[in-house]
Amino acid sequence: MDYLTMSECIQLSFAVCRIGIYTCFRALCCKGPPPPRPEYDLVCIGLTGSGKTSLLSQLCSESPENIVSTTGFSIKAVPFQNAILNVKELGGADNIRKYWSRYYQGSQGVIFVLDSASSEDDLETARNELHSALQHPQLCTLPFLILANHQDKPAARSVQEIKKYFELEPLARGKRWILKPCSLEDMEAVKDSFSLLINLLEERDFEPSRM
């Protein structure tokens, strides 16, 4: 009788071990694929020389040796942990800016890059272009990430100077926008700025649909 009881205990122990091994195997090897990351379609605008292409290329871990200024438009899929940003970058030359609005349709957010160390004339042009974008019917309700680039240059204006000069407080009141300093020397700060934009995009997803 004692022998049968011991045998049954041994069989039961083996059964428990098999169940445990099977459970671990399912957890480690048979887990389903992770849920897909949401994708957002963004438009990136700014004057030539503002650094749009360089920033996006760095975010995509592309070699800086292959960076060429965008003359028409280019599309990059910029991966983040919680989202993928499909960024349509538009060239910033004088003869291209007048066509920007043709590429706004379908955008879910806007990235505007400005050269904070540019000349007064270029800064004035950048201000006019940003004002135009903020008031454009296809963009005015979208989240904006405004990057004051080239902060590593001696002539760079501060974020407060940019905010005042661009008249962002009165012009963008009631809109969702973020103004952040940036440079290629601090890509972690750039990634943090994009994460804030992703938060705005996610918040917009949960808003009730406008009829």
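For all residues, glycine too, the Cβ spot is worked out from N, Cα and C.
What TrEMBL says about this one:
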BINDING   Gly46, Leu47, Thr48, Gly49, Ser50, Gly51, Lys52, Thr53, Gly92, Asn149, His150, Gln151, Asp152  GTP binding site
BINDING   Thr53, Thr70  Mg(2+) binding site
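This view paints the features noted in TrEMBL onto the structure.
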residue: Gly46; record: GTP binding site; CB count, 10 Å: 27
residue: Thr48; record: GTP binding site; CB count, 10 Å: 18
residue: Ser50; record: GTP binding site; CB count, 10 Å: 24
residue: Lys52; record: GTP binding site; CB count, 10 Å: 27
residue: Thr53; record: Mg(2+) binding site; CB count, 10 Å: 22
residue: Thr70; record: Mg(2+) binding site; CB count, 10 Å: 18
residue: Gly92; record: GTP binding site; CB count, 10 Å: 25
residue: His150; record: GTP binding site; CB count, 10 Å: 24
residue: Asp152; record: GTP binding site; CB count, 10 Å: 14
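Between the alpha carbons (Cα) of Gly92 (GTP binding site) and Thr70 (Mg(2+) binding site) lies a span of roughly 8 Å. Thr70 (Mg(2+) binding site) has its Cα within 10 Å of the Cα of these binding-site residues: Thr48, Lys52, taken from Gly46, Thr48, Ser50, Lys52, His150, Asp152. Thr53 (Mg(2+) binding site) is 10 Å away from Gly46 (GTP binding site) when you measure Cα to Cα.
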